[in-house]
Amino acid sequence: MTAKILDGRLVAEQVVARAAGEIAASDRVPGLATVLVGDDPASAIYVRNKRRRCVAAGIRDLHRKFGADVTQDELAAAIHALGDDPGVTGILLQLPLPPHLDAAALVSLIPPEKDVDGLTETSAGRLALGRPGLRPCTPLGVLELLDAHGIALSGAEAVVVGRSNLVGKPMAQLLLRRDATVTVCHSRTRDLAAACRRADILIVAAGLPGLITADAVKPGATVIDVGIHRTPDGLRGDVDFTAVRTVAGAITPVPGGVGPMTIAMLLANTATAARLPANAYGATFLSS
Ligand SMILES: Nc1nc(=O)c2c([nH]1)NC[C@@H]1CN(c3ccc(C(=O)N[C@@H](CCC(=O)O)C(=O)O)cc3)C=[N+]21
C-alpha cells in the first residue's frame, strides 16, 4: 500500500481564494502587523512567506522588524501602539523570541480581536470553553485539510504528539469539539509507538525530526506531519515520510503539507479579525 498524499498547497490555494474574496467584498482593508525579532533564518523565511501571501490576498503589510537586542519595554510599547492603531487589524508576534524576552507577557498585550495567531489568554480560554474566538492557525489548517479530504473526525481515534500552546493543546481541543476521541502524547509518554498505533488520525507536532517511524502507525491511518526541520538533506518533518507512506492511508508531505495551510489560515483569520468590532472578545488585560 502507498498512502494518498494530502496536498496542502492545493487546499491552501482554495482557502486563500476564499479569504481574498471576503476581503475584496468588505469595506475595511485588513492590515497585518507581523512582528519579527532578531535574525533566526527560519523565522525570517516564514514571516516573508506570510507577508507575501497577505499582500497577494489584499491585506496591507504592516511588518515591524526589531534587532535581537530589543528590550522587553521597547517591544511592549510597540505592541501597545499596534493594538491602538485602527489601521492594524491583526498582530502576529513571530515565535520563538530571543531568550531575554518574556514571550507570554508580550502576547498578552495583543488585543484579542487582533489576535490572528489565537495565542492570547483570551483566545486560548475561549477555545477551551468552546466560545467563539480566533483559533491558532496550524491546528485550524490541519482541520481544514482533513475536511477537504473528507476524513471523518466524529468518533475517530485521534492521537496528537506534542503539547505546545501553539499546536498540540489547541489541536486536541479542536478535535474534541469535532467529537474525536483524543489522546495527547509527549516526551514522557511511556510507549509512544503503542499509543500512536491506536490512531485513526495521527497528528505529530513534537519538533523532533523523524520521530515517527512505520512501527508507530496503524495500517491505513491518516498521518499529519506538523514538524519542519532544515537538515543537510533538505526540509524534513517529524515523520519518517519514506517509511510511513508505505503503511499509512494518507499522509502530508514536508514541505507542501501543513506549512502552506498554516499561512492560509492566517489570511483567513486576518480577514475575520478585520470584520470584528473593537472589543469583540472583551477588554485586554494590560499588565502594565
Ligand atoms: N507566532 C507564531 N505563529 C506561527 O504560526 C509560527 C510561529 N510563531 N513560529 C514558527 C512556526 C512555524 N510556522 C510555519 C509557517 C509556514 C511554513 C511554511 O510555509 N512551510 C513551507 C516551506 C517553507 C520553507 O521553509 O521553505 C512548507 O511546509 O511547504 C512553515 C512553518 C509558523 N509558525
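Including glycine, each Cβ sits where the backbone N, Cα and C put it.
Per TrEMBL, the feature domain 'Tetrahydrofolate dehydrogenase/cyclohydrolase catalytic' maps to 6-117. Positions annotated as domain 'Tetrahydrofolate dehydrogenase/cyclohydrolase NAD(P)-binding' by TrEMBL: 136-275. The feature NADP(+) binding site is assigned by TrEMBL to Gly162, Arg163, Ser164, Ile228.
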The answer for which binding-site residues (Gly162, Arg163, Ser164) have a CB under 6 A from ligand 1 is none
Its residues classified by DSSP, the domain 'Tetrahydrofolate dehydrogenase/cyclohydrolase catalytic' (6-117) shows 55 helix, 16 strand, 41 coil
Going by C-beta under 8 A and a gap of 6 or more residues, the same-chain neighbours of Ile228 (NADP(+) binding site) are Leu235, Arg236, Gly237, Val254, Pro255, Gly259
Densest Cβ environment (other Cβ within 10 Å) across the binding-site residues Gly162, Arg163, Ser164 belongs to Gly162
Record-annotated NADP(+) contacts Gly162, Arg163, Ser164, Ile228; largest Cα to Cα distance in whole Å is 16
